[in-house]
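Working notes, beginning with the structure itself.
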Amino acid sequence: LSETSPGVAEVTFVEKEPAERHAIVSWEQKNSCVLPEDLKNFYLMTDGFQMTWSVKTDDTPMPLGSMVINSVSKLCRLGGSSMYTLPSAPTLADLEDDTDEEGNGDKPEKPHFDSRSLIFELDPCNGNGKVCLVYKHAEPVVSPDTEIWFLDRALYWHFLTKTFTAYYRLLITHLGLPQWQYAFTSYGVSPQAKQWFNMYKPITINTALLSEEADSFVNKLDPNKVFKSKNKTPVLKKKPPSQPPGSQKSHTSMTSAKTSSLAGNSSRK
């Protein structure tokens, strides 16, 4: 994505210094858990990530794309404290329902707001929800296995990826378009967001592949399929032997002219 793309303006990338190793160790000690190796390596390269871009409407730039990964200091736990200041105020843990369906079949077990899981905010999503780093099994001790989940505005959970690396790919390929995480929910993105998706189509040809384990990621793009329309093998029709060479030549030139005319019309569309 660059300002050479149609309508794109004010592409801003905020450079961040690498996180101090002691800051990561301090975070792990404070939260009694170990950061996944890929996220830890990411923080050792840059303490968070922030990239935004705008689109011109009537020559006025309007903020549109936003790609954010919180710094270590902002990787805060969800559900650990009251939403209000009153001592008896409800917490997110009060939303837990023992009758909720647990993971079965192709549906993974959802995170828990209570002490069974540890949840940390990776991206506040401009108020459209939260992308979270989730330690699903925190009792009796915290399991090092983590996943990336999306918590929507109605506080429902949606699985995104197994690893941070895979999530980072999804973030980049969706260009930080508004509400892109809702493409991974059963109800999808809003009509307005869908219009932006159509205008700035994210690279989502292999979405399932992008969300797989980082180690097993292989680009399975088939060049023959991508360039199929350009490399069509011409169908040669057998001409009657009695046909004069001149008419065959004339027919060929007419066919090629017609083909180029059709190609011109389709490209204008």
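Even glycines carry a Cβ here, placed using N, Cα and C.
Taken from TrEMBL as is:
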DOMAIN    18-162  domain 'Knr4/Smi1-like'
REGION    89-112  region 'Disordered'
COMPBIAS  94-103  compositional bias 'Acidic residues'
REGION    228-269  region 'Disordered'
COMPBIAS  228-240  compositional bias 'Basic residues'
COMPBIAS  251-269  compositional bias 'Polar residues'
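For the domain 'Knr4/Smi1-like' (18-162), the number of residues in each DSSP class (helix H, G, I; strand E, B; coil) is 30 helix, 46 strand, 69 coil. Confidence across the domain 'Knr4/Smi1-like' (18-162), taken as the mean pLDDT and rounded to a whole number, stands at 85.
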